[in-house]
């Protein structure tokens, strides 16, 4: 053995494993490997490992028991296999049900394949879409207690402890339990933990009321969708209000400011009305949107205000209920226009769209002007308000030829030191068959309010009626006064039927007080 290096055998010498054969008959030269080179390579490798150990210290690894095949937990694998098998079985059962349904068809006699199903005994509740809560409800306080049955003989107990089926306590508890059978919309309350007892009379009344409300809600379901009974905003009304905002006429609608029996008033900020005409209306900065309710529940008893009005008499009987409500809005628009021309403080009409009337807002910064009923006035301001009201009533009667017909402290606003009149949808002309009666009622409301307010100069209702109308009815009591008013109305109605409305005008050309009939 050569210590210097290991050399390959010469070409002529045969190797121990046999001569190497080359397919091209060319001998291969074996590269000689020196022992010194091998040792140098090993030394360099050791030095490299030492340097790496110095730069990257070895992290101590906690020694622990090696995981062997005996310690591996295979329960998850078993569960996975069971779940896969359950899915396969469910698919098989579903296919079996389809085959069963196809095999039976529409036959009245069917054959069941249930015995061939692959159902697991531990199949959980997830197999069905409807989850079932298997909690114990034996002690559930919200579960209605099972009533104690009464035997056929009709009583329980003996002697003094006998209890019949007509016992007040037993019947009261049974009636309380029966309230759970009412419709879900009927709120019966929560009686958990309380021993409630209802008498038969009370239970029967509640039962009848619940049934009647259920029938009523079912009957008015569709009508409610098309009415404005609640907040006066149905889908059609919302669409109209949306179009007003979308067109730019209104900038925004802030909210409701007043609610009444016949209408609801909303506050809105005015926009700009783009119109090619030069005389287009200027929209105020703040507007009031009056929406008339489209149900006739509140208008059935108020048709006398519009049925006998000559301006709408011919149109009233030809319209459906919804168009009658539009007529109310149109009537208020015309009345406000008359008052505006006469210079009476009132809202200015901006736009009328079906049963929606847009007017100027009386107030400031979304705060409406207070009513005379709500405002606190001193004696001088109250006296000034009375004289303004008296002047407005005379001006409304003579210059506008109108009677408010619902004038009271609730329909008069106090703003900027003046009295403003609102809500004139029911106002009629004095030629109305009941025009003078409405005027007398207005005088009564105004007189009583200011007399209670401490205005000593306030006239009585009969004196105020004569002062406003210009008539001189001398009657000692109210009954005779009303009788003369009805007689004048009857004579005026006959005169109108014979000679027409123009011949029975209340205003003379010479400015004298109005007359109900020609003398």
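If you go along the chain as it appears here, the first residue is 1 and each next one adds 1.
Note: Cβ is positioned from N, Cα and C throughout, glycine not excepted.
The active site, proton acceptor annotation in Swiss-Prot covers 406, and the record cites similarity to another entry as its basis. Residue 406 (active site, proton acceptor) is surrounded by 18 other CB atoms, counting those within 10 A of its CB over all protein chains shown.
Under the DSSP three-state reduction, residue 263 (ATP binding site) is assigned to strand. Of all Cβ atoms in the shown protein chains, 24 besides its own fall within 10 Å of the Cβ of residue 263 (ATP binding site). Residues annotated as ATP binding site in Swiss-Prot, with similarity to another entry given as evidence: 257, 258, 259, 260, 261, 262, 263, 264, 265, 290.
Sequence annotations record features per position, and here Swiss-Prot assigns domain 'Protein kinase' to 251-519.
For 121-159, the entry in Swiss-Prot reads region 'Disordered'.
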Segment-level pLDDT (mean, integer) for the domain 'Protein kinase' (251-519): 83
Rounded Cα separation (Å) that holds between residue 265 (ATP binding site) and residue 406 (active site, proton acceptor): 18
Spatial neighbours of residue 257 (ATP binding site) that are distant in sequence (at least 6 apart) but have CB under 8 A: 265, 266, 267, 288, 366, 368
Assigned element (helix, strand, coil) containing residue 406 (active site, proton acceptor), judged by DSSP: coil
Rounded distance in angstrom between the Cα atoms of residue 259 (ATP binding site) and residue 406 (active site, proton acceptor): 16
